[in-house]
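As given in TrEMBL:
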type	residues	note
SIGNAL	1-28	signal peptide
TRANSMEM	87-106	transmembrane segment
TRANSMEM	118-140	transmembrane segment
TRANSMEM	162-187	transmembrane segment
Amino acid sequence: MSAALQVTAFGLALLSTLFLLLATCTDCWMVNADDSLEVSHKCRGLWRECVTNMQDGVRTCDQYDSILADHPVKIVVTRTLMITADLLAGLALATLILGLDCITFFKEDPRVKLKMCYGAGAMLGAGSILGLTGSVWYAVDVYVERAMLVSHNVFLGVHYDFGWSCWLGMAGSTGCFVASVLLTCCLH
């Protein structure tokens, strides 16, 4: 049972880490939702803003001025939290690989392998909290921005909702949390 649980946790952690990495690197954290003419599809990400022309499929992206330039707080905080979550999840995967019972490294001392699995679970838990905080922070900020415009009767023609990159960040963080629970609470 322990080996099956470890392999399940590893598979979930691997998939969740890939989701977190994709969420951090992709550019659709916010997507336009009011383009009634459907002439273009606009996505804003942590690193750039992209517009796809729906008629000819041409996609153009504008990089933000500089990574170190003044950006909205939601972008800076989300970048920081997501990058830290990515690093923790990657380190947890490396630690978990060494702690798996099916890997012969440290085979002579099973307590060390168990501690490595617990450590990987703790790192995944920390990464999941940071990733979920970053994703939810961004989503809530998008929602609040939209609510403020509506409450002040401001109509700009286009408003943004959170996009698939934000959902991917939330899914990856949740998967890391479940893998952390499997490794820290269920593995005896």
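Using the three backbone atoms N, Cα and C, a Cβ is placed for every residue, glycine included.
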Same-chain residue ranges lying at least 6 outside the transmembrane segment (118-140) that approach it to Cβ under 8 Å: 9, 13, 16, 20, 23, 29, 74, 77-78, 80-82, 84-89, 91-93, 95-96, 99, 162, 166, 169-170, 172-177, 179-184, 187
Close approaches to the transmembrane segment (162-187) from elsewhere in its chain (Cβ under 8 angstroms; 6 or more beyond its ends): 2, 5-6, 8-10, 12-13, 15-24, 26-31, 43, 45, 82, 85, 89, 92, 96, 114, 117-118, 120-122, 124-125, 127-132, 134-136, 138-139, 142-143
